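According to Swiss-Prot, the protein carries these features:
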BINDING   Asn57, Asn58, Gly59, Ala60, Asp61, Gly123, Thr124, Gly125, Leu126, Asn127, Asn128, Leu129, Asp152  (6S)-NADPHX binding site
BINDING   Asn58, Asp119, Thr155  K(+) binding site
DOMAIN    9-209  domain 'YjeF N-terminal'
Amino acid sequence: MQLVTAAEMQTIDNYTVETIGMPQDVLIERAAMSVIDVIGAGHFNLDHILVLAGLGNNGADGVAISRLLYAQGFNVSLQFVGNVTRAKDSVKRQLDIIEKYGLVRAEKSDFNEATLIIDAIFGTGLNNLLPEGLQKMIKAANHIEKTVIAVDTPTGIDATTGEVRGAALKAHTTVTFGYNKIGLTQRVGGYLSGNVIVKDIGLLTPQDFNFSLPDKENSPSVATS
């Protein structure tokens, strides 16, 4: 299986959107649907699903996931981590949609009430320490040992090195897109990512793209679809 760095994944994403012309919102919808597929195929307690969303494209994935779950009749809470007014346009577009669905954002959520947490705070773009307040929240969530599905990359994990950027939310399952990330296979990142599932959401790679690592045999701990 081909592994990529965070920078390589960003290049592939940019190529798909800017050169090929694939709308970002289409990729977000496909990413969200792939997570819904994993939720439906797994044995998760879906009594109360808490979606934690950040301010970037990973957060936009989270908003779309919450909408799809809500439309299917699940008890879902959507909580933003950060000031929504500073969110990317992709997030704001998703917010406009969920408002029309009638899904109201939660100002604050109790982790103890959640039976499943969807981690859509930070994806592969994380390259600095998490803010102190977010580190505290993550440590509290880890302490109560809730089942977590991470979207693309567990929050706090460097997608290239596998290092923890201050604190990291421990995932039962990580649904990552396009290619598996090096950081999800190395160091503590491999442990905190849990079961990694690679989903094809339509990202296109340039024919002359030079990967930093050679293609490897598929690992038994990684599923692809």
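Using N, Cα and C of the backbone, Cβ positions are placed for all residues, glycine too.
Taking Cα separation as the measure, Thr155 (K(+) binding site) is nearest to Leu126 of the binding-site residues Asn57, Gly59, Asp61, Leu126, Asn128. Between the CA atoms of Asn128 ((6S)-NADPHX binding site) and Asp119 (K(+) binding site) there is a gap of 18 Å, rounded to the nearest whole number.
Long-range Cβ contacts of Gly59 ((6S)-NADPHX binding site) within its own chain (separation 6+, distance under 8 Å): Ala53, Phe80, Val81, Ala87, Lys88, Val91, Ala120, Ile121.
Shown in sequence order, Leu52, Gly54, Gly62, Ala120, Ile121, Phe122, Gly123, Ala150, Val151, Asp152, Thr153, Pro154, Leu169 are the same-chain residues outside Asn58, Asp119, Thr155 whose Cβ sits within 8 Å of the Cβ centre of the K(+) site.
If you compare every pair of Cα atoms in Asn57, Asn58, Gly59, Ala60, Asp61, Gly123, Thr124, Gly125, Leu126, Asn127, Asn128, Leu129, Asp152, the residues listed for (6S)-NADPHX, the longest distance is 22 angstrom.
Spacing of Asn57 ((6S)-NADPHX binding site) relative to Asp119 (K(+) binding site) is 13 Å (Cα to Cα, whole number).
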